[in-house]
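Pulled from Swiss-Prot:
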- Thr52, Leu53, Gly54, Gly55, Ala56, Gly57, Lys58, Thr59: ATP binding site (BINDING)
Amino acid sequence: MRPPGFWSRPPTHPLARLLAPAGRVYGGLTANRMDRPGATPPCPVLCVGNFTLGGAGKTPTALSLVRLLRELGRTPALLSRGYGGRLAGPLVVDPARHAAAEVGDEPLLLAQAAPTIVARDRPAGARLCAASGADVIVMDDGLQNPSLTKTLSLAVVDGGAGLGNGLPFPAGPLRAPLARQWPHVAGLVLVGEGGPGEAMAAEAERRGLPVHRARLVPETGSDWAGRRVVAFAGIGRPQKFFETLRSLGAEIVAEGAFPDHHPYRPGDWTALSALAAREGASLVTTEKDAVRLPAEARAVVDVLRVTLAFANETRLRQQLAAAFPHA
């Protein structure tokens, strides 16, 4: 879904006030659900979640955590609900065989780095992770899902967006009241800079939680300086992607902002191709969008790849080592 504009306005906005009663009900139900005890998994669980609906940088965070766990001698597998996919699982994602419409876009990206299980039933998915040889499970999203007991939960926050107006859905982007969510996390991953994120960092530190600051770094290999591009993205914050391209020197002649997890259809591709041809520009998108494109499109669209770089990776490594000691 595309976040409505009033979510980033003050909570006194008329639409926010109108929807606030529904938000109190939704947020209260979600918070009560979070407090329920979960099933004991066959191996420890590291949950990568966020306080809000929409993108915050969970996927690159999960990929970085997989790398760090391996460096600590662990054998991680990734567990995802498979948002946007029609298969309920549990199943092992095979990028050569599965499409985004089947398993979701994020699992296809995750599966390039480590064994990835899609399962609507998280406990069943955890059992398949263990059967696949994992000794620790990295759960992509699921902070508000109580079905599994988590060893460690990290909340990812977009530094520029923060928590929007701070209200629960549908009045705002929060999945539950923030005060009810804090007790469920053991640390904050702050992606990017911005006043909203710094306010969250200050609150986390006041609560005695570590704050792991990070930024998305474009991978080298392509020279974007001076290139005319038609940039398009269906992610949580498309403008963030466009800003990154501009920072690399690309000349964006047209932007296409689609809802998060948008399933690209032939008509979308035809329109984008025609626009690029008219402008004498190349098409560029994100890794997450690329896996949702038709096969013929993936061959001709440029992809901006990014990795997550931590300001103090040692501190995060120490937290992981304490939570998941190598036997």
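Please read every residue number as a count from 1 along the shown chain.
Glycine residues also receive a Cβ, built from the backbone N, Cα and C atoms like all the rest.
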(request) For Thr52 (ATP binding site), just give me the three-state DSSP call. (result) strand
(message) Around the ATP site formed by Thr52, Leu53, Gly54, Gly55, Ala56, Gly57, Lys58, Thr59, list the extra residues of the same chain whose Cβ is within 8 Å of the site's Cβ centroid.
(response) Asn50, Val156, Asp158, Gly236
(message) At 10 angstroms around each C-beta, which of the binding-site residues Gly54, Gly55, Gly57 has the fewest other C-beta atoms nearby?
(response) Gly54
(message) Helix, strand or coil by DSSP: which one applies to Thr59 (ATP binding site)?
(response) helix
(request) Taking the Cβ of Lys58 (ATP binding site) as the reference point, list residues of the same chain whose Cβ is under 8 angstroms away and which are at least six residues distant in sequence. (result) Val48, Gly49, Asn50, Glu106, Asp140, Asp141, Val156
(message) Within a 10 Å radius around the Cβ, which one of these binding-site residues has the most neighbouring Cβ atoms: Thr52, Thr59?
(response) Thr52
(request) Please compare the binding-site residues Leu53, Ala56 by how many other CB atoms fall within 10 Å of each one's CB, and tell me which has the fewest. (result) Leu53
